[in-house]
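Novice: One structure coming up, written as structure tokens, with questions to follow.
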Amino acid sequence: MNPYTRILSFLAGVCLYSLPVAAQSGYRLWLDFKSLPTETADGYKQRLTALLFPVANQTDSIAKQELLTALDGLLGQRPTSVDTPQKTGTLIVGTPATLPWLAGEAIGEHLDHMGEEGYGIHSTTINGSPATVILANTSKGVLYGAYAFLGLLQGGEDITQVAITTRPKVTLRLLNHWDNLDRTVERGYAGFSLWDWHRLPGYRDPRYTDYARANASIGINGTVLNNVNANALMLTAPYLEKAAALADIFRPYGIKVYLSARFSAPIELGGLADADPLNPKVQQWWNEKVAEIYRYIPDFGGFLVKANSEGQPGPQNYGRSHADGANMLADALEPHNGVVMWRAFVYDDKEPDDRAKQAYNEFKPLDGQFRGNVIVQVKNGAIDFQPREPFHPLFGAMPQTPLMMEFQITQEYLGFATNLAYLGTLFSETLQADTYADGPQSTVARVVDGSLTGQSLTAIAGVANTGTATNWTGHPFAQANWFAYGQLAWDPEADAATIAEDWLRRTFGNDASLIGALLPLMMQSREAVVNYMTPLGLHHLMGWSHHYGPGPWIKDKQRADWTSVYYHQADKDGIGFDRTASGSNALGQYTPEVRKRFEDPQTCPDEYLLWFHHLPWDFRMKSGETLWETLCGHYYGGVAEVAGMQAVWEAQRGKVDSTVFQEVSDLLAVQHEEAILWRDACVLYFQQFSGMPIPEGLEQPAHPLEYYEHLQFHFVPGI
Ligand code: BDP
């Protein structure tokens, strides 16, 4: 090779290395530590010339490596590792165990406020020299602090004045994977399951480490590996061995493994005649099974259970209560410090007059009957992860029971992976809702963080949106929902806009015009989806079974409460579900203050109007328009909002990576078409009852209603 060719091939190698496909594809998520603009980087360099970070264990060494590599990427400067603070700026990282002298410095007093998992990041002076200190009580806290510190740099924050002390408000912060053992993912829109069960435990895909790293970077500390519609095989030795391999990889990142347990496993695996929780043989089987799991995974977190819901087995099959079922498993887990997360998403075998009341009716009477290591896992709303639901009435209603929140990060009801819908706003809308369980300010967030009722066992779960897609989540902006979930799990009071901005900066950099354009786009995006799918409190209008596209006409199925007509109740007299005292009285499950907010259609916020009321088509809205006009306005407005998002995105051409730009651009075009589909199908469907014209000036649907009713979608993902 002549010298010229050698240089060329060297340069090609460098280019390939520094611009790998992964960088463009979004694989690196918010952890792509690209070089900062020179001015910003120069400002940081002086303060970060040396790194004092004694390493005591694997978690420390991960944190140290992350800092070194990321600083190199961000600043083009790798700090020198040192043993003592330097005259130049030193980054000092440690715990009282690794840096005992630091606890004696002024900043050491913050340690009292960090708990087991919190951290502090403070700019200070040590021996007269500038220092930036990341301090925590544990290595796990250090790891969280390291990621948070790097986030500050990515966001271009001033680190000469930083004074952060934080600890998570919720103890268990989990992802729930609805992943099946055949690698399909129920309601997954980002490819197949990350868990390559066939090749585990022998082959440990490096992606497992990247998964752990991404979660640790946003404070997630637990993962339920398998679907709540569980296969009992998950609890057999070969699968436990595979799960143990994952647990080993996740452990240094502070992430515990949990499993969904099939309630009938004693029959399927143990050959017992029943799975009655009061049968001593069944109890014995679970005790032994749990002991076996802990032999594989010594820090196993516990079980998640979906019982007596959508055909899943449970204690009610034997005339026992949810508490009987949960307590049996809790007793088996208790000696090992494991927990049971028992879901409140339940179905009776009888059709209720209103499914929204089901969970409250079954669980409220059980308050106080659960063992101390049981947490009842409650979806954010009483129906099912709809684009908008009022908060679930169980929040605040079971003061003697730890209740945890279940959010759905995967967009089953918000446009799968083709629609851009930032869910930080949805999550925080629920968390900020006031239950009035103990006077004003009794927010759902305070139920979840335990402060309202003094619960010390606190938890939150998000149904994951991850898969084998190169960018993990399918839609590039869906990464923001994973990110936002983690931030809100750490602090349920956190602000959705601040989180969105943080994600934008970490993902796309700090261009002010870009942030200024994309932040409002994200903040409005979920409302746009509500508008073109289920405005004014409508819900459950989606296509049958696969849940793709509109299906307001769905009726006559095996259960009425699986149909759309059950929920919207549209007829020539009006539309909406009367949940007031004159209807199902689901509203009666809330406190008087909440009831008051919703019970009068004249004052009920528009967002929840048809959730709680059945109203005539010519009902006068607060705006003076009729209900019909307003409904049309929302459907058409939603489509227009998507067109607006397209225009905003188009103006960012050249400011974001071209591959990602094109992907989002294409997906927004798809979203626009889907929004039109929802709008036209729903407006035409409801119009046959309202008998009113589509308001003047609005474009007419392209096809008659029958066209939409007969559309068929094959091989829809996520089933
Ligand atoms: C519904 C999903 C279904 C889940 C169920 C659940 O359509 O696939 O199994 O929730 O949460 O929304 O158990």
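Yeah, the Cβs are placed from backbone N, Cα and C, and that goes for glycine too.
Curation does not apply to TrEMBL; its annotations are automatic.
Pulled these features from TrEMBL for this protein:
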ACT_SITE  Glu310  active site, proton donor
ACT_SITE  Asp384  active site, proton acceptor
ACT_SITE  Glu412  active site, proton acceptor
DOMAIN    29-148  domain 'Alpha glucuronidase N-terminal'
DOMAIN    153-472  domain 'Glycosyl hydrolase family 67 catalytic'
DOMAIN    473-697  domain 'Glycosyl hydrolase family 67 C-terminal'
Novice: Quick one: pull the CA-CA distance for Glu412 (active site, proton acceptor) versus Asp384 (active site, proton acceptor), whole Å only.
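Specialist: Rounded to the nearest whole number, the Cα-Cα distance is 10 Å.
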Novice: Among the active-site residues listed here, Glu310, Asp384, Glu412, which has the most company in the form of other Cβ atoms within 10 Å of its Cβ?
Specialist: Glu412
Novice: Fill in the CA-CA distance, Glu310 (active site, proton donor) to Asp384 (active site, proton acceptor), as an integer in Å.
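Specialist: Between the Cα atoms of Glu310 (active site, proton donor) and Asp384 (active site, proton acceptor), the distance comes to 12 Å.
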Novice: Kindly report the helix/strand/coil residue split of the domain 'Alpha glucuronidase N-terminal' (29-148) according to DSSP, in that order.
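Specialist: Taking the domain 'Alpha glucuronidase N-terminal' (29-148) as a whole: 55 helix, 25 strand, 40 coil.
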